[in-house]
Amino acid sequence: MTTATRFPQFSQDLASDPTTRRLWYGIATAHDFETHDGMTEERLYQKLFATHFGHLAIIFLWASGNVFHIAWQGNYEQWVANPTGVTPIAHAIWDPHFGKAAVEAFTQPGGGGPVNAAYSGLYYWFNTIGLRTNGDLYAGAIGLLLLAAVFLFAGWLHLQPRFRPSLSWFKNAEARLNHHLAGLFGVSSLAWTGHLVHVAIPESRGQHVGWDNFLTTLPHPAGLKPFFTLNWGVYAQNPDTANHVWGTAEGAGTAILTFLGGFNPNTQSLWLTDMAHHHLAIAVIFIVAGHMYRTNWGIGHSIREILGAHNPPKGTPFGGLLGEGHKGLYDTVNNSLHFQLALALACLGVVTSLVAQHMYALNPYVFMSMDHTTEAALYTHHQYIAGFLMVGAFAHGAIFLVRDYDPEANKNNVLARVLDHKEAIISHLSWVSLFLGFHTLGLYVHNDVMQAFGTPEKQILIEPVFAQFIQASHGKMIYGMDVLLSNPDSLASTAWPNYGNVWLPGWLQAINDPNGSLFLPIGPGDFLVHHAIALGLHTTTLILVKGALDARGSKLMPDKKDFGYSFPCDGPGRGGTCDISAWDAFYLAMFWMLNTIGWVTFYWHWKQLGVWSGNTAQFNENSTYLMGWLRDYLWANSAQLINGYNPYGMNNLAVWAWMFLFGHLVWATGFMFLISWRGYWQELIETLVWAHERTPLAKLIRWKDKPVAMSIVQGRLVGLAHFTVGYVLTYAAFVIASTASQSG
């Protein structure tokens, strides 16, 4: 058999296809290593292992580029001297299309030419971790570049015959878990604690620590003596005062590991010494956890044994209701890369959404909470990424069920029982989604009608009393509920061992600060939008769960698994088999995910605009009906945006105004692929080819491949990609421009 000499070399079938299908299917399956010619399980693991190094190299190269351009074309040193008065610069702009007005609009006062403002938050991170000069940034950029080179080499090396790990090495789950827990999380957290204690904290107190003196500068006056004499409390004594001026010794203490809680009033960020303590605690926990599982030494837990015993006995809660419990899951997870990826994506998705929340509510970076545009950009960015990761988790979960699930190995265990109970699971999710949808929309529409008819007092406004109770129990005083931490006489406030000081002293001050973003006061508008978001989350979950649980087969199509993860239909002779592949569920869920995160970010942004401007009444009064959202959030805040350029000139929002329009264009283009069907494109292509072959110059260029329309699934993918990219581009421009126009 001759090997393919043209793309794709990994598939003989596709390489010999005479149509443009060769290109599109080649691109679509380039990363689906499992389906490549001659692929073995061991080779599959080795290729994936090597690609991880390549992936890391790209990430480090990208990070290096960001740091390098800030050092080269940014204004980092001027910004460090005045972080609340100078706008950080990402990089310079060279654009031959810029006229005089544009050059002036995008040039900062005293600047040498047009620049891009930085809304990434990198400046704040650099400042927090103790970098002070462009030289520090150049050193970081070069270090990241060297690291990228090391990882590229490692990727190449692990593809060489002598350095390819064996399949048994990849399947050694306990050893991998130990190393990832202790090494990846534990030791890296310890190293980060070291950096914070030895470099960042001294720099925050005006003492420079660099490569020249970091081995001779004591981070604490007592040195290591308290550590070895177990007198660790010394490291928490004499923390920075509330009057500490960042980057100077004024008001500075000597503590390196504290438990203050709340924020530094000067920087409006978490105390650096609290964060060092946090990372040290994480390091200890994970290094201990990394010694938990049994490997060559014969000590510790066996995950297989733990899972085998995971079955509550009869007479206890759930006893006897779980069948074989978790038996068989060890091999099921360990032998399926898709299952492992699904679990990893689900965890990472949750963590990324938490990052979005904590970046503003418990802001770790000095002075960043005063840069509202950066805060808004980071929240939106992380929330969208969380959505993509979560949908990806379900997609790979469904691929696992189609390709890797073994019914014999999982007989009557929890996984099999989930599949057996799929009707109950899907119908309950469906009921919840319908309930949330009709009730929430009903309340919004009722309130709209009351507004429209001039009787706003007849709106149905429901106070979120349970959520307010939770806020009050954490110490929020505004509701007057006197419960737990908001009641100084409660057990939470007086508990042993230290009567009232058991809670972090700065916490109550932070949670009750009217200018902060921690536990914002909530009312009827919040109640409604929370339920709208719950509708979106439950419907997205319903679509994804149904897609996964029906991926192997349904009453309509019992042999579905034989058709693979994505198929359009089973021919014209079998009615109702279109749009029911697991891929179609992923495709539909993507729209719901984007929609839901739209509501999440609209809500967050509108509420925060009120907090930042000091006018919280606008959100509170106008978020209880739909016209309020359309008029007072979307329309009112896009007014600045669509005026970025006009017949009379332009301003520094012009680039965002253009991006706003361009995003709409990309988004609208998606419908061209989503609505028209394959035959239409085939006829269009045939007409274009006919015209091409009869045009004097064009006919000199001939295709080697016969042009054919994309498959139905590919057309949908292209449509979805345009819809998604356009949607995100449009909202990114809206968030940045509307916030920057109000906050600078």
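Note: Cβ is positioned from N, Cα and C throughout, glycine not excepted.
Sequence annotations record features per position, and here Swiss-Prot assigns [4Fe-4S] cluster binding site to Cys569, Cys578 based on sequence analysis. Marked as chlorophyll a B1 binding site by Swiss-Prot on the basis of sequence analysis: His664. Look at Swiss-Prot and you will find Met672, Tyr680 tagged as chlorophyll a B3 binding site. Taken from Swiss-Prot, the feature phylloquinone binding site applies to Trp681, supported by sequence analysis. The transmembrane segment annotation in Swiss-Prot covers 48-71, 137-160, 177-201, 275-293, 337-360, 376-402, 424-446, 527-545, 585-606, 653-675, 717-737.
This view paints the features noted in Swiss-Prot onto the structure.
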residue	record	Cβ contacts under 8 Å, 6 or more apart
Cys569	[4Fe-4S] cluster binding site	Thr577, Cys578, Asp579
His664	chlorophyll a B1 binding site	Gly726, Thr730
Met672	chlorophyll a B3 binding site	Gly719
Tyr680	chlorophyll a B3 binding site	none
Trp681	phylloquinone binding site	Ala709, Met710, Gly715
Residues from the same chain, set at least six apart from the ends of the transmembrane segment (585-606), whose C-beta lies under 8 A from its own: 376, 379-380, 383-384, 386-388, 390-391, 394-395, 398, 526, 529, 532-533, 536-537, 539-540, 543-544, 546-548, 550-551, 619, 623, 629, 633-634, 716-717, 720, 723-724, 727-728, 731, 735, 738-739
Where Tyr680 (chlorophyll a B3 binding site) sits in the secondary structure, as DSSP reduces it to three classes: helix
DSSP-derived structure type at Met672 (chlorophyll a B3 binding site), helix or strand or else coil: helix
Candidates 177-201, 376-402, 527-545; stretch with most C-beta pairs under 8 Å toward the transmembrane segment (337-360): 376-402
Seg_contact(the transmembrane segment (717-737), the transmembrane segment (376-402)) with at least 3 CB pairs under 8 angstroms, min sep 6: yes
Cβ-Cβ under 8 Å with the transmembrane segment (48-71): same-chain residues at least 6 beyond its ends: 33, 88-91, 118, 120, 122-123, 126, 134, 137-138, 140-142, 144-145, 147-149, 151-152, 154-156, 158-159, 165, 170, 337
Per DSSP, three-state class assigned to His664 (chlorophyll a B1 binding site): helix
Leading stretch by Cβ pairs under 8 Å, where the reference is the transmembrane segment (424-446) and the options are 177-201, 275-293, 376-402, 527-545: 527-545
Intrachain residues whose Cβ lies under 8 Å of the transmembrane segment (527-545), provided they are six or more past its termini: 391, 394-395, 398, 425-426, 429-430, 432-433, 436-437, 439-440, 443-444, 462-464, 467, 585-586, 588-589, 592-593, 595-596, 599-600, 603, 623-624
Packing count at Cys578 ([4Fe-4S] cluster binding site) (other Cβ atoms within 10 Å of its Cβ): 14
